[in-house]
Every structure is written in structure tokens, then in C-alpha cells.
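*Asks:* One structure, as C-alpha cells, below. Some questions next.
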Amino acid sequence: MTERRLSPLDKLLARADNALRTLTPGTTQAERTPAHAAPAPDAPEAGTLPSDQRRHVLGLMRINHTGEVCAQALYQGQASTASLPHIRHAMEESAREEEDHLAWCEERIQELGGVPSKLNPLFYAMSYAVGATAGLIGDRWSLGFVTETENQVVKHLESHLYQVPESDLRTRAILEQMKTDELKHAVTAKDAGGADLPSPVRHAMTLMSKVMTFTTYRI
């Protein structure tokens, strides 16, 4: 079956639609449910967590939600400029899988009595620009950005799992499934030919990540 060729206007509208769905609460629906995400009968609900723990977990999930917003933007930006069709399709498929993470984080934030970060539009725009630029430089570098981004996300998730109370089974199940998926995305991008990024680029990405985590935990 021949793939339908989209006009530049169609592509622009599709990107705009994705941005609106990513940034508008309640518009992203998960296709999957993370394993063991439903609390056990004796597991504490969000409202029964001590207030300091609830605030901390809420801040962590806000960070993770913004991270998924950035992932959506990064993949969409790369897909918009990737030269090889199979690379573009891989970016779009990864973005669809990340939509589950976005929905899970948003739902958990609501359960904890919070709202997503107000800085999401800013980080979406920045990440889209990074993704589009990476795609223009070349597909190997674009895949390298994916690998490095996912590896950094995995480190964040491991840190958050260490901080989330053992009794908060729902949050932990979400983070565990996200970690599994992100590792898969990193390996897939590397195996597809992702280049190792220069040390200055990796350090710059780490610095940007630190700015994101510091601000979105609070705002």
C-alpha cells in the first residue's frame, strides 16, 4: 500500500495538533496501563501520604511530566527534519509510545492534588528546536540525541525511584514502566546507528536537564 504524501501544510497542522495535545491537560489518553499501577488493597491512597511526602512526590512527577513534554517535542522536531523515512517513522513511533508516559504522569499529578508545570510551553519549544536542529545535522546525530536523552531520563527515573516511598506503589509502578520503555528507546536508537555525542554536547544537555528539574519541581 502506497504511503500518503502529506503537503507541507498538512505536516505543519499535524505538528501544531501534537503540540496542542501535549500541552493541554486532559487531551492525551494512554493506550497502556503500567504493570501493577493499580494500588493493592492495603496500599495508601495519595491523600493518606504524609503531606511532606505527597508534596515531594508531586514535585517529582511534575518533573517527569515535563520530561515527557520535552520528549514529545524532541521526537516531533526530529521527525520534521529527518532525511530518511525509516528514521522519521521511528521518531514518530517513539513519540506515540511516550504519550502513554505523558498521560500516566498527568493522571498521577492530578491524584496528588497538583497541576503540571506552567513552564511546559517553554520547554516544549526549546526541545522542538533541539530536535529539528539534530535532524538537520544528520540522522546519525539525531539518533545520538535520542540515545543520550533517554539515558539521562533513565538516570532521573532511578533517582526518583530511590526517593519515592516504598508504600507509594502506584507512583513506583509508573516510574518502573517508564524506565523500561526509555531503556528500550535508547537501545533502539543506538542500534539504528546513533552516534556518540561529543562531551561538550552531553554536558550542555545535562545542564539544561538540571535547569528543567530545578524549575519544574517548584513551578
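Placement of Cβ uses the backbone N, Cα and C atoms for every residue, glycine included.
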*Asks:* Starting from the Fe cation 1 binding annotation in Swiss-Prot that includes Glu98, His101, Glu182, which of Glu68, Glu158 is the extra site residue?
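*Replies:* Candidate listed by Swiss-Prot for the same site: Glu68.
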*Asks:* Can you match one of Glu148, Glu150 to the Fe cation 2 site that Swiss-Prot gives for Glu98, Glu182, His185?
*Replies:* Glu150
*Asks:* Please report the distance from the Cα of His185 (Fe cation 2 binding site) to the Cα of Glu98 (Fe cation 1 binding site), rounded to the nearest angstrom.
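*Replies:* With the alpha carbons as reference points, the distance is 10 Å.
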*Asks:* On a count of neighbouring CB atoms within 10 A, which of the binding-site residues His101, His185 is highest?
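*Replies:* Going through His101, His185 one by one, the largest Cβ count within 10 Å is at His101.
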*Asks:* Run through the Cβ atoms and count how many others sit within 10 Å of the one on Glu68 (Fe cation 1 binding site).
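*Replies:* That number is 25.
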*Asks:* Tell me the Cβ neighbour count for Glu98 (Fe cation 1 binding site), meaning other Cβ atoms within 10 Å of its Cβ, over all protein chains shown.
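*Replies:* For Glu98 (Fe cation 1 binding site), the count of other Cβ atoms within 10 Å is 26.
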